[in-house]
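One structure below.
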Amino acid sequence: MSLIKKMMVLSLICASFFSTSLMAHAETSQETLTNGKSKLEENDRLLDEKEQEQQQASKELKAVQDELESTEGQLEASKKEISSIEGKIEETKLLIEEKKDQIVELEDKVLERKDVMKDRLVALQNTDKTNIIMEVILSAQDLSDFLDRAAAVSAFYNGDKDLLEQQQQDLETIEAEKKDVDEKEAELQQSYESLAENQSVLEANLEKRQVAVTEANKKYKSISKEIKIAESEKAAIQAELKNAEESIKKQKEEAAARKKVIVQQQTAVSAETTEAPKSSSSSKGKSNSSSNSNKNSSPKKESSSSETMYVSATAYSHESTKSDYTALGYNIKKNANMKLIAVDPAVIPLGSKVWVEGYGEAIAGDTGGAIKGHKIDVLMPNNGKAKAWGRKTVKVKILD
């Protein structure tokens, strides 16, 4: 019986030691749990900040996109106005040419009258006016002839007066027409220069807006990436917290079991009649339970989203290329109507499936020496349609 007492006392000492060890381990797990919660709070704060920054970046991106669209609209309106002014200039040029022809015609008439008037003045200087009148009238054959001659003389001298008046009127008309032509030419030139200057300003603003859109888009993508990293860190912290909570729960269960064993052993020692408790089987059961509690895993969430950007888009066809094959081996001469774009692989990976605003879904299947950065070339069936496309700023989504 004494040997049994000694063994039971030894068991109590060991149980006490294990309990102390479990408590120390529990304290470590509790510290891990506390630190994890602190990290989680900090991570949540960081996520809130980044989400606010993302919302602000989204607003900024929309604002610059709206400004870009507004500038594009103003530029298009300016082009139409310039086209209208150019049409008016052509009409005015035709009118000016007509007026110039009229001026030349009037100048010729004035020149002819000058010669006539010069001859008449010479004749009047060489012949006395009174003698001419008397000679014409007195040489009449009868009364009727006399009246006719008198009327002719009167008409002759009145004609000189009319000739002078017409000459003066035509000269004034010529000067007025010249002045009108000069004014119209100056007015049209001023309008054209003003519109051309406005066009240059709008084009410069458009380029600035395009740069602003690119920068805002880059900022938005950067913040979104930071949010994904923070979300990944949050998932890791949550997994760590879960493990710590499970560990603490397990340690509490083991401590309770140990306490129960100690109480049983103390009762046995005081009674000196009971056998040592079958703690090994109990321990084994608890060990199995503990082992099962550790088989936990937290699924990792993955998210993906299509990438969106704005690019400057031009067009080309197989008619303007040296080779009929693209960088990925597509024969664009045989497949002239296929939807394909040339890209900078550093921006859009070759082989990607994309959606291009105003063009549709296409394959990023070619490259080009001038296609650098946020620029693309869309494939058209022929050069005519490629020229009709022109240069546009469009939205592009990378689908896969």
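A Cβ is built for glycine as well, from the same backbone N, Cα and C atoms used for every other residue.
Some features that TrEMBL has for this protein:
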COILED    157-261  coiled coil
COMPBIAS  278-297  compositional bias 'Low complexity'
DOMAIN    341-399  domain '3D'
REGION    47-76  region 'Disordered'
REGION    266-307  region 'Disordered'
SIGNAL    1-26  signal peptide
Worksheet item: When you scan the chain for residues with a C-beta under 8 Å from the region 'Disordered' (47-76), skipping those not six or more beyond its ends, what do you find?
Response: 199, 202-203, 205-206, 209-210, 212-213, 216-217, 219-220, 223-224, 226-227, 230-231, 234, 310, 393
Item to complete: Mind tallying the region 'Disordered' (47-76) by DSSP state, helix then strand then coil?
Response: 30 helix, 0 strand, 0 coil
Worksheet item: By DSSP, how many residues in the domain '3D' (341-399) are helix, how many strand, and how many coil?
Response: 7 helix, 25 strand, 27 coil
Fill in: pLDDT averaged over every residue in the coiled coil (157-261)
83
